[in-house]
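Visitor: Take this structure, written in structure tokens, and hold onto it; I'll ask about it next.
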Amino acid sequence: MYAENDTIVAIATPPGKGGVGVVRVSGPKARAIAHEVLGYDPKPRHAHYSPFFNEEGDTLDSGIALLFIAPNSFTGEDVVEFQGHGGPVVLDILVKRIVSLGARLARPGEFSERAFMNDKLDLVQAEAIADLIEATSEQAAHSAMRSLQGQFSKEIENLIESLIQLRIYVEAAIDFPEEEIDFLSDGKVLNDLDTLLSQTQSVFASAKQGALMREGMTVVIAGRPNAGKSSLLNALAGRESAIVTEIEGTTRDVLREHIHIDGMPLHIVDTAGLRDSDDVVEKIGIERAWKEIDQADRILFLVDATQTNEVSPERIWPEFYARIEHHDHITVVRNKIDLSEEAQGIDLSLSHPVIRLSAKAGNGIDVLREHLKACVGFESHAEGGFMARRRHLEALTVAEKHIQLAKQQLLSANAGELVAEDLRVAQNALSEITGAFTSDDLLGRIFSSFCIGK
């Protein structure tokens, strides 16, 4: 275990060579370390160009030093940043010098963790820092910045405040039992519960869009050999990612592509043709293909339109259909319509969606892209969204469930104690999102996924 009031140091810029490298120090010894490295006490919040000295007074490097005094810093502690040349060796030398002066190497995410512990930002904002760094599209970067600025946190805090006010009202009825029936049957509690449900569902819908922006969806292209799976992968990716030949079994392993559809990450997996094979390498690829299919958000069941007019996967390939656990994840894709002379488009009236396209000619690819967005409810034109994570959705789901339970308790039993308890559980679930009510284990998992120096 580390002391909570010790001083930490880390390189804050990415590994490798660059024009500038930043070493960040935070903790009670930051000012003393700055004095030893610079040879003088820097003025807070001013940029000082200076040599960086070792213990013998020799120059290690030169650059800019910035000192921030607690609580007016990112971490809420004394912080000093040394901005020198971006070579890994010279940065390591500077870090060793700072460690010799009483600092220790920071854990991944420890600077952000200290900012959270010192109330400089909440847990959603801390996560947004990592999401901003990892953003893979402009839309994702904008959404992460809105979360960092507190937009998502404000939505959650408003829900929590409404829950608190309703709990106060209900618990007042419990404290004055002779008034309880009047309190709980006057319509206010029911109306407030309905309002809370509506607000929670609205925040969940926005958070779901943010989670899709961050995590995207995984789509597996599956089917018999030579149905055109690799051609479809290339068409969706917009480049030649997979080898396409007329020879069955060309794809022997799982191929992956990562693209964006209007800002939503799409993880495309092209599987080996599913068939019985004596080839050892191909058999391994087929087993991997089944694992990917089991984990997919959507399965594109590719059919060669020149071989059959059937659209039911259960009839086309009964063995494949029987092995699939989530039949509602299947979309039938009739490929090669340029040869079968079918019209491109989508049919949603059947047991499974059916899309007719030509991967080789590119006809119907836009229809497929729009269908994939619709499958997960992604709204590409939604404005002002914020970034969210799976754990946020889970917490909102728990909160909504217990608000629903509170409503049921009110209507069925008029039981104030049970209503108040469900409201308390809902409040705690929402408080986990911002970190106001969070286990140390969860904090450890979140911050350990951050970069060192953040």
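Using N, Cα and C of the backbone, Cβ positions are placed for all residues, glycine too.
Source: prediction; values computed, not measured.
Dumping what Swiss-Prot says about this protein:
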BINDING   ARG24, GLU81, LYS120, LYS454  (6S)-5-formyl-5,6,7,8-tetrahydrofolate binding site
DOMAIN    216-377  domain 'TrmE-type G'
BINDING   226-231, 245-251, 270-273  GTP binding site
BINDING   ASN226, THR245, ILE247, THR250  K(+) binding site
BINDING   SER230, THR251  Mg(2+) binding site
Visitor: For the domain 'TrmE-type G' (216-377), would you mind checking the mean pLDDT of the predicted model?
Guide: 84
Visitor: Output, ordered by sequence, the same-chain residues six or more apart from LYS120 ((6S)-5-formyl-5,6,7,8-tetrahydrofolate binding site) with a CB under 8 Å from its CB, or 'none'.
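Guide: Expected: PRO71, SER73, PHE74, THR75, GLY76.
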Visitor: For the binding-site residues ARG24, LYS229, which one has its C-beta crowded by the most other C-beta atoms within 10 angstroms?
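Guide: Counting Cβ neighbours within 10 Å, the top one is LYS229.
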Visitor: Indicate whether GLU81 ((6S)-5-formyl-5,6,7,8-tetrahydrofolate binding site) is helix, strand or coil by DSSP.
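Guide: The residue in question, GLU81 ((6S)-5-formyl-5,6,7,8-tetrahydrofolate binding site), is strand (DSSP, three-state).
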Visitor: Let me check the 10 A CB neighbour count of ASN226 (GTP binding site). How many other CB atoms are there?
Guide: 18
Visitor: Indicate whether LYS229 (GTP binding site) is helix, strand or coil by DSSP.
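Guide: The three-state answer is helix.
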Visitor: According to DSSP, folded down to helix, strand and coil, what is LYS120 ((6S)-5-formyl-5,6,7,8-tetrahydrofolate binding site)?
Guide: coil
Visitor: Give me the CA-CA distance between LYS229 (GTP binding site) and ARG24 ((6S)-5-formyl-5,6,7,8-tetrahydrofolate binding site), in Å, as a whole number.
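Guide: That separation, Cα to Cα, works out to 49 Å.
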Visitor: Using DSSP and three states only, what is ARG24 ((6S)-5-formyl-5,6,7,8-tetrahydrofolate binding site)?
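Guide: DSSP assigns ARG24 ((6S)-5-formyl-5,6,7,8-tetrahydrofolate binding site) to strand.
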Visitor: What's the number of neighbouring CB atoms sitting within 10 A of the CB on SER230 (Mg(2+) binding site)?
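Guide: Summing over all protein chains shown, SER230 (Mg(2+) binding site) has 22 other Cβ atoms within 10 Å.
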Visitor: Across all chains shown, how many C-beta atoms besides its own are within 10 angstroms of the C-beta of GLU81 ((6S)-5-formyl-5,6,7,8-tetrahydrofolate binding site)?
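Guide: Counting Cβ neighbours of GLU81 ((6S)-5-formyl-5,6,7,8-tetrahydrofolate binding site) within 10 Å gives 21.
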Visitor: Using the alpha carbons only, what distance in Å do you get between GLU81 ((6S)-5-formyl-5,6,7,8-tetrahydrofolate binding site) and ASN226 (GTP binding site) once rounded?
Guide: 58
Visitor: In whole Å, how far does the CA atom of ASN226 (GTP binding site) lie from that of ARG24 ((6S)-5-formyl-5,6,7,8-tetrahydrofolate binding site)?
Guide: 55
